[in-house]
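S.K.: This structure is in structure tokens; I'll ask about it shortly.
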Amino acid sequence: MSSKPEPKDIHQPNGTGPTPSPCSSDGPGREPLAGTSEFLGPDGVEVVVIESRANAKGIREEDALLENGSQSNESDDVSTDRGPAPPSPLKETSFSIGLQVLFPFLLAGFGTVAAGMVLDIVQHWEVFQKVTEVFILVPALLGLKGNLEMTLASRLSTAANIGQMDTPKELWRMITGNMALIQVQATVVGFLASIAAVVFGWIPDGHFSIPHAFLLCASSVATAFIASLVLGMIMIGVIIGSRKIGINPDNVATPIAASLGDLITLALLSGISWGLYLELKHWRYIYPLVCAFFVALLPVWVVLARRSPATREVLYSGWEPVIIAMAISSVGGLILDKTVSDPNFAGMAVFTPVINGVGGNLVAVQASRISTFLHMNGMPGENSEPTPRRCPSPCTTFFSPDVNSRSARVLFLLVVPGHLVFLYTISCMQGGHTTLTLIFIIFYMTAALLQVLILLYIADWMVHWMWGRGLDPDNFSIPYLTALGDLLGTGLLALSFHVLWLIGDRDTDVGD
């Protein structure tokens, strides 16, 4: 019969490779192969066909995950190309996770140390003394690395891991769309952060200055725009390079985003605000002109972001987490403003970027890894787990045998040795205004451990919760988590300094 070879041609490309069976030689039993419900052979044959399809499917998925550039060009249906229980995205041990995370973590930490040293110096500048609302901008703008750059890194890492950046055309579309998107977000968030700084500075004191408000707006928007442009380009290079040398971008992209993010952003904020402050007495019209220039560029970035399907949805629906995260970080900025403005707590400035940066870096790595794991198994809104996930217990988050729990343990264990290295570096550089006594280190480490413990637990719950409601965690979870890291870090550090002051540890002259 002419229809005999057709079933073979259909099954062989899918990897089934059928072997001869009693039924295959039976002519009448072959015709119904198009529909298994009419198959006349024994049940065992039907099971073998189904299992071989699943196995071939699993092989294709694992090859796509573990080999660089091995994505098939076949236009398989995504909905049917996933098995019910696909393998883990990456075969990683605790040692391999720690080895890949360690160097970027230390690099990011030294970046936060440098940012802390910068903040420790610029807090004595006239612009920070006269316009103290600039302190409120610090966590909000440093948080842009969580709102924008880390979200960008997580999106691109996921896209690279699932093969959406394998061809030059896909790569270029992903780059242009995402760069335009973060410029739109940076401009809007910078403007809103300045409004929050003005409001938070006006409410406690009841004092409002229009020139200072324009200064904050121009400084915030210019800093956000330039920092996002520079860091976005760095992130793209890091992710492309990671894929080429066989490193999981999830482990390195987000920490490297933060390694230079804090330093570049804080240096830009200090330099721009100082330069604009010098013009306050001579040419006040420069402030509205700076704001108008960056606002005029918005339509260009919007058009470019709308052209890419990967960023079009985020352009319309991705504002809520970014804006709320900015507001949360601004509350942390208010705490920083009220604490650092007190000469008794001047030593807090150098440690704030460090504790906030380390906590945000670690939780961003974990959120990006969980998000990639979920993307490997389905699409947002699909429940790939046998039982629906509720609020997890701490034991499930930190002590279960799965790869995400393993990475949570590794990241948590990095906190103490990492902070000890960073504190020692600050001490060697004669930074800060606080002597690193044993009691101070104990209080500082307690605050850092508590911050990361809470963040990792919230990340485990939040990423799965957003996934179950059809929200992409790459776009929604990291802004919330890094903003919470800023708030928790600043709040716990301020509490530690107040307790140390109450019990008699009142060093404020170190580094003067």
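Using N, Cα and C of the backbone, Cβ positions are placed for all residues, glycine too.
These came from Swiss-Prot, pasted as-is:
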| type | residues | note |
| --- | --- | --- |
| REGION | 1-40 | region 'Disordered' |
| COMPBIAS | 1-11 | compositional bias 'Basic and acidic residues' |
| COMPBIAS | 13-24 | compositional bias 'Polar residues' |
| REGION | 60-90 | region 'Disordered' |
| TRANSMEM | 101-121 | transmembrane segment |
| TRANSMEM | 184-204 | transmembrane segment |
| TRANSMEM | 221-241 | transmembrane segment |
| TRANSMEM | 256-276 | transmembrane segment |
| TRANSMEM | 285-305 | transmembrane segment |
| TRANSMEM | 315-335 | transmembrane segment |
| TRANSMEM | 345-365 | transmembrane segment |
| TRANSMEM | 410-430 | transmembrane segment |
| TRANSMEM | 438-458 | transmembrane segment |
| TRANSMEM | 483-503 | transmembrane segment |
S.K.: Against the transmembrane segment (285-305), which of these stretches has the most C-beta pairs under 8 Å: 184-204, 315-335, 345-365, 483-503?
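M.R.: If we count Cβ pairs closer than 8 Å to the transmembrane segment (285-305), 184-204 scores highest.
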S.K.: How about the transmembrane segment (345-365) with the transmembrane segment (256-276) - do they touch, taking at least 3 C-beta pairs under 8 Å (6 or more apart in sequence) as contact?
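M.R.: Between the transmembrane segment (345-365) and the transmembrane segment (256-276), contact is present.
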S.K.: Okay, the transmembrane segment (483-503) and the transmembrane segment (256-276): do they have at least three CB pairs under 8 Å, pairs separated by 6 or more?
M.R.: no
S.K.: Could you name the stretch, out of 184-204, 315-335, 410-430, 483-503, with the greatest number of CB pairs under 8 A to the transmembrane segment (438-458)?
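M.R.: Ranking 184-204, 315-335, 410-430, 483-503 by Cβ pairs under 8 Å to the transmembrane segment (438-458) puts 483-503 first.
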S.K.: Same-chain Cβ contacts of the transmembrane segment (315-335) under 8 Å, 6 or more residues past its ends?
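M.R.: Answer is 135-140, 142-143, 146-148, 181, 184-185, 188-189, 192-193, 196-197, 200, 302, 305-306, 356, 475-477, 479-480, 482-484, 486-487, 489-491, 494.
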S.K.: Pairs of Cβ atoms less than 8 Å apart decide it: which stretch in 101-121, 221-241, 410-430, 483-503 has the most with the transmembrane segment (184-204)?
M.R.: 221-241
S.K.: What same-chain residues lie close to the transmembrane segment (221-241): Cβ under 8 Å, and 6 or more beyond its ends?
M.R.: 137, 141, 144-145, 148-149, 152-153, 156-157, 160, 165, 171, 175, 178-179, 182-183, 185-187, 189-191, 193-194, 249, 252-253, 256-257, 260-261, 264-265, 268-269, 272, 290-291, 294-295
